[in-house]
Each structure stands twice: as C-alpha cells, then as structure tokens.
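Features reported for this protein in TrEMBL:
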{"type": "DOMAIN", "residues": "66-361", "note": "domain 'Putative ER transporter 6TM N-terminal'"}
{"type": "TRANSMEM", "residues": "130-151", "note": "transmembrane segment"}
{"type": "TRANSMEM", "residues": "171-192", "note": "transmembrane segment"}
{"type": "TRANSMEM", "residues": "204-224", "note": "transmembrane segment"}
{"type": "TRANSMEM", "residues": "236-255", "note": "transmembrane segment"}
{"type": "REGION", "residues": "367-478", "note": "region 'Disordered'"}
{"type": "COMPBIAS", "residues": "380-392", "note": "compositional bias 'Polar residues'"}
{"type": "COMPBIAS", "residues": "432-441", "note": "compositional bias 'Basic residues'"}
{"type": "COMPBIAS", "residues": "468-478", "note": "compositional bias 'Basic residues'"}
{"type": "COILED", "residues": "560-594", "note": "coiled coil"}
{"type": "TRANSMEM", "residues": "741-759", "note": "transmembrane segment"}
{"type": "DOMAIN", "residues": "762-900", "note": "domain 'Integral membrane bound transporter'"}
{"type": "TRANSMEM", "residues": "795-814", "note": "transmembrane segment"}
{"type": "TRANSMEM", "residues": "820-843", "note": "transmembrane segment"}
{"type": "TRANSMEM", "residues": "850-866", "note": "transmembrane segment"}
{"type": "TRANSMEM", "residues": "886-905", "note": "transmembrane segment"}
{"type": "DOMAIN", "residues": "907-1128", "note": "domain 'DUF2421'"}
Amino acid sequence: MRNGTTKKLRLKTDGLHDSHRINEKDVVGETKSEKVYGFVKVTRSKGKGGKTRSSLGLTLPPNLKWIPNNWTSSKLKPVIRSALTAWISVLLLIIPRTERMMGQASFLVVIAGFLSPPNDPFIAVLERELILVLFVTLAWAWNCLGAKLASLARSSVNHSIPLASVFTGQYIEAAPTVINAVFLFLGSMFFLFTRARQGPGPFLFAAVLGCVCLDISFTTGNLFPYPYYPIGRAVVIPVALHSAIALVLSVLVFPSTISSQYTDRLIAVLQPLETAMAEHRKLLATSTTSATFSPSAINAAVAKSEAALVPLAATARLMKRDIIWSRIGPSDLTSLQNWARRMAVRANGLGAYFTLIDPLRERFPVTPAPSRPATPALSPVQSRAASRTPSRAPSPDPGAREDGNDSDVTTPGTPATEATHLDHDTDTGHTAARRRLATRSRHSDSGHNRQPGSYSLHVRPHSPAGHPHVHHHLNHLHHRLHLHLSRTPTREQAVGVFESLRYMDIESTHLFHPLSAQFTARATELLGDGCDALLDKCGSALTGACTWLSQTRRNRLKFWRSTRTKAKELKEKAEELERLKRELSEALEVFMTDKRHLVLEPYRSRVDHDSKRLSDDAPPHRFLFHCFVYEYHLMRFAQLVLELYDEMIGIEKKRKKLRVWWPTIPLRNFLTWTSWEPAENIERDDDENPDVIQGMQPEWIDDLGEPRRRDPDVLPPRNWHEMVATQLYQIGSALGRGNSLYAFKAGILTILLSIPSFLASSAHFAYANRFIWGVFMGQLTLVRFRGDTTFGLVARIMSTFLGGVIGIVMWYISTGSGHGNYYGFAAVCGVCFPFFFFVRLYWPGPPMTVIIFFVTIVLVLGYSWQDTHYPQPSSPGEGYDVAWRRFVLVASGVTAAFIFSFLPPSTTLRGYMRRILATTAGETGALYCSIISFANTPKELRTDKERQEIIRSLIAIRAKLKRSIVLRTNIIYEFSLRGRWPSKRYQSIVEIQMQIAYLLSHLMSAVEQLEPIWCQAFLRRTRFVDADFLGDVLAVISLISTALRTGTPLPQITPCPLIDRFMAHQHGLNVLIEEEDYVLGLPKTLTIDTLENEQYLIFCVAVSTAYGIMTRLDRLMVATKEIVGEQYHIHGVGLKGMGTRTNSVRPGMDV
C-alpha cells in the first residue's frame, strides 16, 4: 500500500488529462454570454428551463494583467521582505542618533532599498550587496586620493574655517578645482564604462551608486579649503547600513535559496511544455477544415517555456555558490537544465508542422512593402484571396514543395511581419483561414464526385505539368506581379523582381497540386491517431517531473521522523519515477515500431505486391515529409524526457541522506561575473560591440575552419617591433569602440554639468539648489544610442513629475499641519511601501523608469524630514519646495544629456541594428559550414566539444537577435528629418534569421542521429557536398552580410533563388535518383520497408529542414534588398516566358 505522498504524486499526474477531458465536454442545454463594460464583466447563463442567471465580475485591461498574474503567495514574499527592509531604513532615518551617524545623505539608506531590494535568495543578495559596498567604497577611496592631491596644489590649507562660510564658495581655487575635475572625469568614466560593459547584472546599481558618491564627494569637497575626507562617508555609511539590513532580512524573513529558486524556474520551463502536449492532442483531434483549428495555444505555451529559460540560466550561474541543507545538492539540479533547454527547442520543431500545412502561409514575397501608406500593395495572401473564385482550383498549397519544409519556424511569441508570414497566433486570422480552406475543400470534393468527409489520400493525383489549373495559376501569378509593380510607388524602385519571377515559375510547374486540402486533412488525421498515446505519456511524464522537483526540498526540517518512514518514502518516490519512465518508454517503443507507420497507410495501397515497390501514382511525398517532421521531433522530445528521468532516478538512488552543501566555487572567484554570463534580463543587455556575438567564444570563432581573417591594410608582423606595434594598435582601437567612446563622452558631460559647482561665483547657488541632482540625472540618462537617450528624457521627466506629486501627497498626509510627525511618517511609509515594491519588482516596463519614480518620492520625503528636524546649510525646504526643485533640475539634466547625444561621437540605433544583423548573418553562415562539416566527418572522429560549441553558438545567435528586438523599440525616439525608419522591413530580417537559427538547430539534431551512409546520402541529395552549389549559398550569405554592414545595394541578379538549384534533381520519395552511381548501400528504388525505416524518417526530416534553410535564405536576400536596394540592372534578363515585350515587368527606374 502506497502512502499519501505517492498517491498525491500519481493523482496529480493522472488528473492532468482528466481536466482536459472535462474541459472538452460541452455543457448540454446551457448557453453563456459575456459582455464587458469598461472594467465590469457581465456573464449571463441560460439553463435548460429557460431560467437566466447573471453575474458581475471585474476585468482588467491587457496592460494591467501583470497584477493578478503576480498576486500569488510566492511572489508576495519578496515584496514583503523588500518593503520591510525599506521601512526599517525609514526608522533609521527618523531616529535622531542613527540619522546623525549617517550624515547629510541619510535618506540614501532608503533610496538604496529601492535600487537594490532584497527580493532574491540570500546568496544573490550577498553577491549584489558586496559589489555595491565595494564600488561605493572604491569611489570614496578615489575621492580621498583626489582630495589629497588637490590639497597639495592649494596655496594655503586652513582647517579652522567655519562650516557656514565653506558653502559660499569663497575658498575655491583654480588648481585644486582642475585636479578634482580630472579625478571626477576619470572616476565617472570607469563606473559608466563598467555599467555599459557589464550590462544588466550585479554591477548595474553598484556603478550607479558609485557615480553618486563621486558626484557628491568631488562637487562638495571642492568647496573646502582643506582635504575633507569624511564627505564620502555620507554615502558609504547609508549604503552599508542598507546592505546589512538586506542581508539580515534575507535570512530571517521568508528566506530562500538559489536551489529553491532554480527548481521553481525549472518547473516554469516544464509546465508550459506539459500544457503544449495537451494542446497538441486537442489540435490533432480537430479537423484541419474546422474554424477552431489554430495552433495559437501551442505557440503561446512554447513561447512561455522558452521565456522561462532566461531566468533559469541566470539562476544556474549562482548554483555553485549556494549553501543549502538538503538531500539533493545544487550540482545535481544544475545538470537538468540541459534537457529542459533541448526539450524547448524540440517543442518548437513540433509546432513547425502546423505552419507547414497552413494553406495561407506566406509564399515567396513578390515585391517589397511600399514606403507610403497611401499606396498599399496587396499582400500575396490578399491577392490570392481577392482573385480566387469558387469555380477555380485552390491555390498551390504552401506545403507543396520539393522537400516540403518551408515552415515558418518562428520563435513562439515573436511578432510576425507582412514581409514574411501571417500572424498565426490570432484567432481571427485562423478562423477566416479555415473557412476559406473548408470552402475550397468542398469545391474540390465536388469536382471529383466525393462527398465531404469521404475523401482520402487514395486519389490518383493529376500531373502538375499538364493540369489545366496550372496554366491558369501561372497566368494568375504573373498578373499578381504586374499588379504589385503597378502599385509600387514611383519614389521607391521595385526590388526582387528577378527572384520573384523565378519563384513563380517554380510554384507553377513544381509546387502545385489541386487536392492539397484533402491530402493535408487525411495526413493530419492519421498523424493524430498515431501520436496521441505518446503525447499523452509525455504530458504525464512532465507532470511527474514537475511534482518530483517541487518535492525535492520537502520534509528537510522534520528531524523527528523515523528512518524507516524516510526510507519508505524515498523508495516509493523512486518507484513512481520508474513507473512513469516505464510507461513513457513503452509508449515510445509502440510508437517506434507500430504507431508511427500509420501515416504510411495511403502509400501501402500503391505498393506492387510482386516487387514491393511504390507505384508512380503514389501521393506526393511532401505530405509524408510533413508527417515525418512532426514524428521525428516527437520522438526526440520523448527521448529527452526519458533521459531527464534517467538523471532524476539516478539522483534519487544516489542521494539518500540530508547534508549541508557548501559552495563549490573558489572564494577568489565568488564575485567574478562577465557579460558572457546570463543575467535576469539578458535580452535587454547592451552589447559592447555589434560585431561580436556574446556567447560565441573567440577561440571557437577562429576554429570554425581553415580560413582566417586578414588585416587588409598590413601584412602579418615579421618581427617583435611590428608585433608590439600591432598590439598597441589593437589597444588603441579598443579605446575607440562603443562603450569606451560612450564613457569618455559621459565623463565630459559630467564635467560640463558640474561647472556651476566648480566656479566660485556660482558654487553657493549650485549647492543651495542641489545642482547635483541635475549632474547625476544627465550623467545616467546619456547612454550609447541617441534613441535610448531620448527615451530616457521622456521617461525620466514623466517619472520625476509623478513621483514628485506622490511624494508631496505622502509628506503632507504624514505631517498634517505640523512640521513632520514621527509616527505619521513611519505609518504612511509602512502602508505605501508594500504597494510600491510590488510595482517595483513586477511592473513589466523599463525598470529605470519606475526606479526614478520611487527615488523621487523618497527624495521628497527624505529632504523634507531633514529640513524640518535637522536643518542643514542651504536646505532645499520641504514638500512642494523639494519637489519642484527636483523636477526642474532633473529636466535640465536630462535635456542636457539629450542635446549632448547629438554631438560626436554620436551613435544611432539604426546603424547599430544593421551591424547586428550583418554580424548574425555572417556567423550564421559560419555555423552552417560547421554543421555541414560535422555531418561530413566520420562519426568516430566527431567530438563532443565541437557538438556543444555548435549548440552553444546557435543559442548565442538567437539571444543576440532577441536583444536586437528590444533595441528596436527605442528607435522611434531617434528623430530624423529624412523620413521614417523601415521598422517592418528590419523586423522581417530579424524573424527570417531567427527561423534560420532554429532550422540549423533542427538540422544539427537530425545530422547527429543519422548513420554515416544515410548522412552521406543526405549530403548528396541536398547538394551540400557540391562545391558549385555551396559556393552559391556562401556567396548569398556573404552578399547579405556585407550589404547590411555597409548599406551597399545588392546586384539585381544574384544566385537566388537557391531553391531552384536545390531541386535540380527530382528525387521524390526516393533516397537517390536511379541515374546516380553512388549507391552507398542504400536502395535506389523505394519500397514500403524503406518507408518504415527509422533512418529514412530522419533522412527525410534533414532534407526538409535543409529545404527550409534554402527558402529562408532566398527570402532573406529579398528582405535585404528591400532595405539596401539593387544595382547592376541588365535589361531583359530573367524575363523568359513573360511575353514579347520584356519591359512589361521592368521596374520604373534603372539603377
């Protein structure tokens, strides 16, 4: 008899699919309707007896959905801890003794709480706070050095000067001021370079507070006629007190460990995949002609899983530093991350099938989107829909390709663009698509004397070349091109005409079949019948894995439990894992040996019983290839889940006793962190160099092959003199790159904004009105790119205004008609801080915007309290007086940064975006070569290091592309009088490159599974060992990368479309063509036994993936032409078959 723990595990595992079955049932006799009026939702339900019931509820707009999503106990615990930390800091601020100890900037103890809240596990807080104190102390030490050197340059040093006379500025001298300015410039450069170089991570706010310490210390210390070293202590002590409070509360209030955070985030990766498995079952059971057939739920689930990989990787970075009392150690859990990452990629491949069969999937783009919205060109989909009538045959199915895979393998959740494909995540678009598909299916059925629902793949296909629909379709495609060219605005020349003509010929002659809808529906039905059981067991196994992860830390502190009870529970946990693994393994075995062959049913009737060969009238191979793509990714997904279970079972059997797990990283490396390591918001990372992809190690880039880059200006160094000069040149070049130039420019801006504080005539006015606020805000608003600086201008002014208003309200509520009440001040802060920190931690917008908002509130409260209780020389006042001064100075500082961003060296996000895409395109080509080399290498010579480097580099390219999407959002703030930035065209390139990156991952997976003879057959069929074809592919990649980097127009005639040469030989279902004499021990003719071969399935998937890569490269060429344009026009070339007048489709202008 199993105990309650095991029962609960099994109940949760089995209950998942029960809930889905319940949800699928229709409530008979009951109808519901919902209407939304503002924030109120009215639900009316009508039962069997006609009785109507109404209920009211609240609904939030989409931009506020983050509130209920984060309103859970696990998410509220960090909020309470952070709010309590800030409230204790407020108590230190209002207690006279501690306030005097902290000094004039005592309110910094509260500000530091909003900059660096203790919302993470103890080890993460410890790392962040140590770096925080280190940087602030370093800034103080730098100030002390500068103050000492400045005092040596003074004409006289007098320590007896009254403090009141110091702030008048009468003791300022030129030489010490210059020294202080130089030290301020160099110190600001260091911290701002660190901030930009390291990006998001533990160094960010440490660099910010380091700049605060420098600004206050040097601008105020310059007023003293002697070296006033304690000035930096006014910043260091409040920050150190905040760090102490944060560390103590991280241990005492809802403490957590890195391991617990890691398991929660690992569950956040696996649970959406569990949901995706259930959605796959539901969708495969739905007819493809149904209006409800939409993979949007699957895409959303996979996108959620992939999004959870980033915080998971950030937590994994700290696992070696964790201290925990547990049975399972941090190193045991860290190994599970690799399987989670690979399962997410395989889940993306599973979703590719539904894009393959989508009848409205975008074809090759025929012309670019127009530059003026007043003259919109019809999209290819709109053109087809508008010109099609019921009596005509359906348009060629996008899946009707030589090797089937033209799937838009997009990153789930990535927005689609009109230049590449439709937005398949919208229910409206899918509803319309399925209705049109159903209409075409009915007409096609009636044309072949079949009743709806009675068709099958046992239909003798007509020859595409001789079918009457094909000739009409060719004329329709040519009409489409004329229509697009006629609508292209005269201000912008049409591009991609040459490629479009070639693609239209291919579509009309090779890629068209009138019964695509019927074939797709039948193939999907068979696929669902074969895969349902395995999908079910995969979902159950993922549920069990999530349950096991959630129980890894259970009962750790129950010391009174007997050893026998503990041993029994451990045994039953292991048995439960073994049961789930066994069930999944059996389901996979049945699928491999039997169920996956169901998709071959339409082909079995076409087998000659004597020769066992397929007849020539077998259904087109593309539909079988589509099914093979789905089955392969499902098999690999199940195999990865089994490998995950092997690891979990091994951990269960190995770890029997509780123990203390200490950090495994050396103490000297405890605070090491580089920009190569992932942070929580790595996708917002600020790159040092757009020519470098973070995550691809330089030695790997240099080891991709024999070719080496050369310096075009000099020959290699011949002696040590030239070697030293080369090194010095490289160092000098590094100082002229992105972050170095930014830090130099920001340092100059800091000095310019500090001039009023350095001049004797204006120093008193600057100190009295806290000019330091303007210096600091201008210093941190200026960033590398003009668009980001402009966004900072708008966001900081708005945040400061709103924060000032809230601060004024809070101050006057707390003080009433008096001048500050201890209890009222503490009470108001205690009530507001939990709500403040909920917004601070979970607001989905830019973090710096909300931070400035709360910092302004604290400044108004802090200065108001100081002015009413501990007046300082030249106090700014209280309440409204502080708020308006703060707003004016912040507006002045950020405006100065905005103006300064236009001065050279000025970097735009527009140029940066092009260079990023050029770099990713070039490195994608290098990885393509590496994968082909890996496939062409004998299996015994392949190394695991090479395999892991390829996978890691593909992940790095996708991360770089995702960061470019974030950078693109602020380009709208880069004002240009020349015209608008072509946002959609750049988005098209990003999406196509992302698709290529995913397809390369799928290709690498398939190549690893192929046996040597099948791998060679794959390389020969795809022409990936044909030097002529490879030369064309690499030329296309090089042309695209160079054009994006330099902005140079591309030739009008290029090797594209590559797919034309890729399909030079019509293999169909055969592995090799009969004329080929290179047999490799594989059958030249196809039999049903070959179709059932697992290696043949993987071979077909690899070919389909290669086909998808070639079509994406063709699209990428046209998308690049839409940005850079074309040149080298040759009149009349490439227009064969278009009529007697070759200028009928000639662009409006010659280049």
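The chain as shown is numbered from 1 upward.
Cβ atoms are placed via backbone N, Cα and C, with glycine included.
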Across the domain 'Putative ER transporter 6TM N-terminal' (66-361), average pLDDT on the 0 to 100 scale: 89
Short question: most Cβ pairs under 8 Å with the transmembrane segment (795-814), which of 741-759, 850-866, 886-905? 850-866
Distant-in-sequence neighbours of the transmembrane segment (850-866), which means Cβ under 8 A and at least six residues beyond its ends: 93-94, 99, 104, 106-107, 110-111, 114-115, 773, 795-796, 799-800, 802-804, 806-808, 810-811, 814-815, 820, 825, 829, 836, 839-840, 843, 872, 875-879, 882-883, 886, 890
According to DSSP, how is the domain 'Integral membrane bound transporter' (762-900) divided among helix, strand and coil residues? 111 helix, 1 strand, 27 coil
